[in-house]
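The feature region 'Disordered' is assigned by TrEMBL to 1-61, 712-742. Residues or ranges marked as compositional bias 'Polar residues' in TrEMBL: 37-46, 723-742. Annotated transmembrane segment per TrEMBL: 156-180, 262-280, 352-377, 438-460, 485-503, 541-566, 587-610, 649-673, in sequence order. Annotation source TrEMBL lists domain 'TMC' at 477-584.
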Amino acid sequence: MKSRIGPEDQDNAMELQTITTEDDPYSVDPYSIGQDEGTSSISRNLPSRAASARHGTVRKRSIRRKSIPMVEMEDKDELNDYESVKAVAAPMEKRRELKRHQHQQQARHISCWKAFKLGTAMQWKRFSAGIKEFFQDIELWKGHLKQVEGRFGNGVLSYFLFLKWLMFLNLFLFVLVFSFTGIPTLIQHYQPPTYTNASTTVHRTNSCIFGYPEDRYIKEDKIDDMIVDFITGQGWINTTIMFYSNYPSTNLNLDFSYNLPLAYLIVGGAYFFISLLLMIKNLTKSFQESYIEGGNKFYSYCNKVFAAWDYCISEENTANVKCQNIVQDINAELAEEDRLEKVQARTKSRKAALYSIRVLVSVLVIAILVGAIYAIIYTVEVSTNPTYQKDKSNIVKTIIRSAPSLTITVLNLLLPPFFQILSQVEEWSPRFEVALNLWRTVLLRLASVAVLMITLYAEVGNRCNVLDRSVCCQKSWENEIASQMYMLIWIDLFVVILTTAVLETVKKLLHKHTKLFRKLNLMPEFQIPKNVLDLVYGQCLIWIGAFFSPLIPAMGVVKLFITFYLKKVSLIYNNKPSNKPYQGARSNYLFTVLLLITFFMCLVAVGWGITKVRPSCHGPFLNQYCDEKEIINTLSDVINTWPAGIREIINYISTAAFIFPGLMVFFLLIYYFRSMIKVHLQMIEMLKDQLVLEGRDKRYLMEKLIMAGKRDAANEDEDGNASGVTRETQVQPGRNSGNLNF
């Protein structure tokens, strides 16, 4: 395509690149360059000139540099050389030789070191690109995710991406914990003491080194009892390295001395710290995606219609999936616009009634949450009181011990659907409705787990208030917490199987074969809040249980792997696309925020047990005489063996003299970066406004060109008609035109 810029305009454009004046670059009017007095009037009438006062503000607030760097025109020079060679009147061979000669003259010689660096950088880039492409080709569930995105949109896809991220997180945590605690324990062949091999050298009356009964390590003969123990975390499963009490409290004599209690404590802190880093990284990435998606709201339809298609698609099935994806996105945009029109049409009386309904619903939700908390506290007291288990059968005892877990599961099954019905009455936007249901359900589930942990810790404190201190530590409260988390994870998996594979299938069959269900439109939909909270709740159990049951992350990996295929198959065959598409939900920003809040709650729950609760007589932090100490003292004992200088530094870091200034600097940095973000956002908005004004200028110029073209065409027609009339008037050949004399 030939350029429309003439030689004079090109020279002016090149001069524009070398401006180095103290005036702002925005003060240069590009429309005035290369224009004569006739065209300057058009430039003065451009739409952007109507806001000249604003342009002055733009110049004052601009933060751009005061000079525009000169751009090297190497490509332009090469093009000119190529054109000059073509213009030479010489044979082809001669012109080729001339071209090679020019290339040799233009070739730049670089040093060997720079050539080596450039070559190494290019090879590394090729290698990294190949590795990245390889992992993209073998990406787990890549085809399944594309199918879900095409049929159900970005909102449902975000759930499966979140599930996949959690599964890899738990896989990494399992490898970390098992490598530093599980493998050394297996190599040592450690077995906790029993009544027969317990130490008999201890003569203190308050000693709680009593060991376990020998039959504790004998598996049940009945298969059903073994299965019940495996699910509830009691019996024989409680004697494996799955639980806290089966790890040694002494250094392991391998090829070197391995301090397992210290490794256990450090790994427990490491998996929390690594989880935090991974969540922050994912939160940053998802925030960027969410911000980018939010910036295209003014041109959403244009981008989806003209720029959404992937021209690399070569298969028909993939093309159909992409078409469905585009249709789903456009339906989401149309549904949101229709809702906004209804909101604008609300009357004052309707708004007052709606606000009253929202207040009443909020009060009702708070009352339900208070009742759920009371139910959990009551069941924990019943399950920990031995009087309720006297003269009861094994099945009844198992149910009583499992009462807190069963209560939490029932509440999680019944209350979230009720919250969803209430949110529909409140008439929120689809995005806010999803967020509101998420927050209400996360309050329910996190409050349930928090109350369970608080009640268990309170029970340990009550036991330690008795005169006989050994009673406080004989029962392993660490194993109690681990067995509760262990059982809750199993129950959560069974609930997922029941609700997904059974209930949704039954609903689909009833909708397909009965007129009543088709009339009521009761075909199941994929509920994003409920399913996301299932994942967050499950991860909460894993984080809490991982310290007291190191192999629980492996259970999380298996559970999430099964959940993915159950949800995906049920989604494809049983669910229908939601009537309220969740617009812009592809980024996992909101989900990661909920997970981050859950993480801090789990950190507080585990940290309280490490720093405030007296350890029991079992496990790596063996409290031999039930002294008043905490698990964290193990780390303090190790630090006390370090050199005095390092101890002083660590002690100073833990004092208020270091923590308070550190927090002040931290908050000042946050304020600084927040201010920078606000300035950048203002600049972005200003540049967007300039782009809009330039678009109006171009449209104005195009209208002027079209009008000028029409006027020129009309003038040519008038001139043509006038010249035709003149010719007819001057030369009128008649019948005797042949007799004319010239």
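Note: Cβ is positioned from N, Cα and C throughout, glycine not excepted.
Annotation: stretch 587-610 has the most Cβ pairs under 8 Å to the transmembrane segment (156-180), among 438-460, 485-503, 587-610. Across the domain 'TMC' (477-584), DSSP helix (H, G, I), strand (E, B) and coil residues number 86 helix, 2 strand, 20 coil.
Below 8 A, the CB atoms of the transmembrane segment (262-280) and the transmembrane segment (485-503) form no more than two pairs separated by six or more positions in the chain, fewer than 3 in all. Listed by sequence, the residues of this chain that lie at least six past the ends of the transmembrane segment (649-673) yet keep a Cβ under 8 A from its Cβ atoms are 639.
Summarised as a single figure, the pLDDT of the domain 'TMC' (477-584) averages 84.
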